[in-house]
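In what follows, a structure is listed as structure tokens, so that the remarks can point back to it.
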């Protein structure tokens, strides 16, 4: 027992009384001199195989975390597992830690029976906050999310339709006609629909700002910044239309107004509040920025090498066949990018034999370099998807309880 690799069993060697024994195990039979441990018997069988043969693996059809709890109870660690099982345990623990992190903000239940002053108001604000932030938290939140999605779809349809030739103002109209058209465009059906959509988005953003816990954190969130970028151009364009009465100012403001109106395309990103797929994409990009930077570094290094070599082989050497498309290294960088990404527009291509050999190497190396960080990004994407899906399912359970009530 003294040299036994299981620390809990080894502690029995130093027990001097029955009370000490009962602190180590669950029961003790003095007559038969047997010790009883209320643990998983099959898991202990696999642990005994490790004691005898030196290999510790998971029990088939048993949760990795449950077996890990058995290991901790007997005094083993994750490093005692075989390498393949260590990887399974690490993946499982990373997913579990993500789930706990998602559940932590609402996990505190201290003082559940006590209601401090202002608890009713805080409860109402929390309900409003969840209604606007979590589309699956209640029936009202789902209705609000559906209405918001409809407004986004309508605004996108109006934006796309406004670029049709029948909807656009003729380019050759005079300055006075343009001024009159700009002033009257707000009163047209498309302008009215746009104003209603902007009014809804503005009211939604203001209410969410009022009920938020931390105002500074609310302003720093990416989705809220996108909302601000989508709403602000409309008010800027209206103010510019009002204050640019002179023809010269209107002429300078024409391009600015078109750019500001086209920024309404950011409204599409508002759908990320209501769809797990877009949220997963954003969260994956946020957590995999190191891998993305590594990918960009790979591309930049390869682009510098292949662009210099292609410019030298196609235009720098006096081989009698100079390719004007590769007149400079920056021009060759475009060919390297479309070749490494296997897009291949065909607008420029090597014509010399060495250049074509270099092009083949460039394409193959691009496939390899782009594939290297994909595994890490894919793993993070799956983990983020399960995290957001778990969070959505948790709020759906509260929604089901609301239906039952």
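Each Cβ is built from the backbone N, Cα and C atoms, and glycine gets one as well.
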For which of the residue intervals 113-138, 139-164 does TrEMBL record transmembrane segment?
139-164
Which residues, given as numbers and ranges, are at least 6 beyond the ends of the transmembrane segment (265-285) yet have a Cβ under 8 Å from it?
133, 135, 145, 148-149, 152, 155-156, 159, 197, 201, 222-223, 226-227, 229-230, 292, 377, 380-381, 384-385, 387-389, 392
Is the transmembrane segment (292-313) close to the transmembrane segment (357-381), in the sense of at least 3 CB pairs under 8 angstroms with a sequence gap of 6 or more?
yes
